[in-house]
Amino acid sequence: DGRLRLSRQGVIFKNSKTGKVDNIQASELAEGVWRRVALGHGLKLLTKNGHVYKYDGFRESEFDKLSDFFKAHYCLELAEKDLCVKGWNWGTVRFGGQLLSFDIGEQPVFEIPLSNVSQCTTGKNEVTLEFHQNDDAEVSLMEVRFYVPPTQEDGVDPVEAFAQNVLSKADVIQATGDAICIFRELQCLTPRGRYDIRIYPTFLHLHGKTFDYKIPYTTVLRLFLLPHKDQRQMFFVISLDPPIKQGQTRYHFLILLFSKDEDISLTLNMNEEEVEKRFEGRLTKNMSGSLYEMVSRVMKALVNRKITVPGNFQGHSGAQCITCSYKASSGLLYPLERGFIYVHKPPVHIRFDEISFVNFARGTTTTRSFDFEIETKQGTQYTFSSIEREEYGKLFDFVNAKKLNIKNRGLKEGMKQSYDEYADSDEDQHDAYLERMKEEGKIREENANDSSDGSGEETDESFNPGEEDDDVAEEFDSNASASSSSGDGDSDRDDKKPAKKAKIVKDRKPRKKQPESKKGKDPNAPKRPMSAYMLWLNASREKIKSDHPGISITDLSKKAGELWKAMSKEKKEEWDRKAEDARRDYEKAMKEYSKADSHRGERSKKKKKKQEKQVKGKGDKKGATSKSSSSKSPAKGMSDSFKSKEFVSSDESSSAESKKEDSEDEAAASPPPSSEDSASGSD
């Protein structure tokens, strides 16, 4: 937004945000165009030196006033031209001054100010324009591609002609003058291929068979020189921001691979005085040595940045890197003094200050390897897999020395480090709950050992499934035979009574189990002792609350954990002694309690044995009566012995008269054993 002022001397526009002023003299104006745009109507002004100015936000009614003003003071006819909105993508490109206009017929579709073009690359029948990034805009147009059809004219390449028109007006790095030096046919891993590197004073020119890249030194962030694991090759890595682009691909790193055996003699295309003045002794006119040394030395002097090399890390094999896989490709991970770098596909550089935590995970396919995971503070996760387990100790020590947070400190299979080594080195906060659970687990084990002699015997004797099953079977057998001895009413009653007894015997099993399950919940049992931390917390809780008024329960436990962690060993020992005394008192009380419990158990066993004898005695009597009754009427016994409970109850619910008659007949005909049977039933 801003203010536009038209005067006889010219046009002045002041940007209200930046305060920048565009001042166009009346004598410089060459053309004025009025057209409809997104924000109402717009005015496009072209100057004689090729610059274009566009202003939007006019109302349609203002056209007449502006047209008259331009005629009177600038001697210009304000032409009306509408933009083409058909949506076609096939048209004609016209170059006018600093503007590239894409037209369909006589109507323009869009216009590109060539001063915004940062790079122009050509392909087969294709020209790609890349643009400078606009930091003020949320979304920037970065690239436009034009398809240029081949023509029949000999000697004129339409693609090259198009590119030259763009480059003549574009803000593109031009390779003016001679290069300081040239390195021929260097092997490049990203972007892949063999490239000639031409070193210019302000930029680096990569010239390959298919692509060309011009990299300004201002875009170079870091330089790395990394030895390959085979000790015969070297990686030279150049970190770039913004990255170089090829189509949709972005290359944030330029990686060159050198053989250590390759030597070169280099002569700079400058006289000695210029070299001394420009590089202040960092370079000389004539240099010789290893190729990788020469490239890195020249780059360091021109970019004016330090070269990062691996620190004091040494892996299991003595190399300064670790072989691993990232995503689908195998590569090398270099632990540096201030970060990790992985080469080469895709290259990854992670600084220590952006790491949230690292994690050592078990290998997914085999126990011979493990995974190393890194999560950044932004939430991005990198997993480097298939690392040999021999590298574990070295990498763990390195991470520990750099004081990086390690997510898990647990013991891995086959790893030599003990659990204590992991536990001591981590623990951001004291875990009170975990400590309490450990203490309770120890006490449970001790209780189990102490009470195993007494309680174990009681359990075995009091719950014997085999014996009880036999008892139940005998009672059902006697029930079956006894029920056949008399008439319908008699058999009904005989069937009903043993069924109830059988039910009682069945329910006896869970009753015997209940004391076992409720044994831990006995209110008379001694309470378990608290850990040293819990004793200290109970004593200090009020003090923490008074020091931090309004603190929540969760925050209080966190604060307590921090205070306990920071406490000196001497103070902790005092609470450890109190916890030990409490544990001894508990063990003593537990022994007394278990003795009393065993006495109670013996008394209950004697009672149960008596009850079992009584039940067996009754069963024998029943057996005698059933034998005598079965000999009298075997056929009827067979038919009545399998009456269900429902059948019995339905018979019982018959008329009162039939019941009386049956009972009178019974009283007259029943032998003496049946009277004893009824007496035992009442018992």
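Keep in mind that glycine also has a Cβ here, set from the backbone N, Cα and C atoms.
Record features (TrEMBL):
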type	residues	note
REGION	439-533	region 'Disordered'
COMPBIAS	455-477	compositional bias 'Acidic residues'
COMPBIAS	478-488	compositional bias 'Low complexity'
COMPBIAS	498-512	compositional bias 'Basic residues'
COMPBIAS	513-525	compositional bias 'Basic and acidic residues'
DOMAIN	526-594	domain 'HMG box'
DNA_BIND	526-594	DNA-binding region
COMPBIAS	590-601	compositional bias 'Basic and acidic residues'
REGION	590-683	region 'Disordered'
COMPBIAS	602-611	compositional bias 'Basic residues'
COMPBIAS	612-623	compositional bias 'Basic and acidic residues'
COMPBIAS	625-641	compositional bias 'Low complexity'
Secondary structure tally of the compositional bias 'Basic and acidic residues' (590-601) (DSSP, helix then strand then coil) = 12 helix, 0 strand, 0 coil
The DSSP breakdown of the compositional bias 'Basic residues' (602-611) into helix, strand and coil residues is 10 helix, 0 strand, 0 coil
So what's the average pLDDT for the DNA-binding region (526-594)?
-> 87
